[in-house]
Amino acid sequence: MDGSGEQLGSGGPTSSEQIMKTGAFLLQGFIQDRAGRMAGETPELTLEQPPQDASTKKLSECLRRIGDELDSNMELQRMIADVDTDSPREVFFRVAADMFADGNFNWGRVVALFYFASKLVLKALCTKVPELIRTIMGWTLDFLRERLLVWIQDQGGWEGLLSYFGTPTWQTVTIFVAGVLTASLTIWKKMG
């Protein structure tokens, strides 16, 4: 490791390049999975062919389980449905910033960011604004790069997600994620 927190070379699990690449694959897969379940269609989002290694599959499955739990939170679904998407960029960045405003970073909040992005993509699909899908993914990855990258590196890369949610209490954490997202949406609605 050099002094910046990055591993020397570009291939390590905590390198900026690898974290962003894995994050893009996970976000793409998460959004395609959610869209396929909700809209019956899978948007064409392929940036590159996602890796088929066991680690990425485990991470994707972990995200899928959490997404399924969040889908069953009716209060959260109602609040997301009420979000005005006339200015989606402003909505996305305000909610994303509110999620991390207290300076506390954890995997639950990272997953909440992915979940919120997937819900905005589903709204774009429903309103037939497909060009917005790649834009939302870009915003999410920009936010990840600018605000979360160093924290993810400090957690050992994306593998930290598995240890965080790999415990039997992941359902409890899912409730926490829903709470963070609900609180962020509430703050945004009061300010907006």
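In case you wondered, yes, glycine gets a Cβ from its N, Cα and C as well.
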Looking at the candidate ranges 14-28, 59-73, 74-88, report the one that Swiss-Prot labels motif 'BH3'.
59-73
Grab the same-chain neighbours of the motif 'BH3' (59-73) for me: Cβ-Cβ under 8 Å, and only residues 6 or more beyond its ends, written as numbers and ranges.
22, 26, 29-30, 33-34, 111-112, 114-115, 118, 158-159, 161-162, 165-166, 170-171, 173-175, 177-178, 181-182
For the motif 'BH3' (59-73), what's the model's average pLDDT?
88
